[in-house]
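Here is the structure we will look at.
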Amino acid sequence: MGTVGIGLVDCHCHVSAPDFDRDLDDVLEKAKKANVVALVAVAEHSGEFEKIMQLSERYNGFVLPCLGVHPIQGLLPEDQRSVTLKVTLYISFSLNYFNRSKTILSQWYLKEILLLNRNVHSRSAGRPTINLLQEQGADKVLLHAFDGRPSVAMQGVRAGYFFSIPPSVIRSGQKQKLVKQLPLTSICLETDSPALGPEKQVRNEPWNILFQQNILISVEEVIEVTTQNALKLFPKLRHLLQK
């Protein structure tokens, strides 16, 4: 196996968002100049599936698809199966507290997504989400922009889950407390662009990924360890990072 080169992986972003329609080429070029070697493009709804697949083909080897839905969107079993047949890389799903009564996943849905890597949104539902994932034996889990207590996050760490930190950490006391508790071996980097940037009301972009450096430790160690963590989560990234 070849040596893995040093580079950053944005484990959760939304480059399919309309915010990037006019200048996506420039946005991705800036990301590459910032030493970003791969982006995981996450769908926010099933209507973005085709667009994300097109982007993954257009920017082959740089933009990787992560398809999934909020369960309340009602993706039918036959539709979900067609997605997993076409995309064998990652899938995203969400459990938000304010919709929790409607978003408890059916057994067929959860067992289907357990076949893939999970990129999980758990707004205001950190403990129930981690409990559910553990109950179902999920592994290779990434909890994106986790907004729960550090003590709850440590339950995920003990289960072998990873947590991705967005640039908004520089203005979030909650996320700064979280980062201080999490071992670096459980941290990945994300931008969640165009959201969760270092400045409010300003479009976030993938090149902002290292705004987290002032909260974490040395840049070199952050890049090395978080990229290795991303490879553990998403082994298919490895061929992109070979020297």
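Here the Cβ of each residue, glycine as well, is placed from N, Cα and C on the backbone.
The following features are taken from TrEMBL:
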type	residues	note
BINDING	HIS12, HIS14, ASP192	divalent metal cation 1 binding site
BINDING	HIS121, HIS144	divalent metal cation 2 binding site
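What TrEMBL annotates, mapped onto the structure for a quick look.
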| residue | record | DSSP class |
| --- | --- | --- |
| HIS12 | divalent metal cation 1 binding site | strand |
| HIS144 | divalent metal cation 2 binding site | strand |
| ASP192 | divalent metal cation 1 binding site | coil |
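Of all Cβ atoms in the shown protein chains, 22 besides its own fall within 10 Å of the Cβ of HIS14 (divalent metal cation 1 binding site). The two recorded residues HIS144 (divalent metal cation 2 binding site) and HIS12 (divalent metal cation 1 binding site) have their Cα atoms spaced 7 Å from each other.
Ranked by how many other Cβ atoms sit within 10 Å of their Cβ, the binding-site residues HIS12, HIS144, ASP192 place ASP192 at the bottom.
In sequence order, ASP10, CYS13, VAL42, HIS144, ALA145, PRO166, GLU190, THR191, SER193, ALA195, LEU196 are the same-chain residues whose CB sits within 8 A of the CB centroid of HIS12, HIS14, ASP192, the residues recorded for divalent metal cation 1 being left out.
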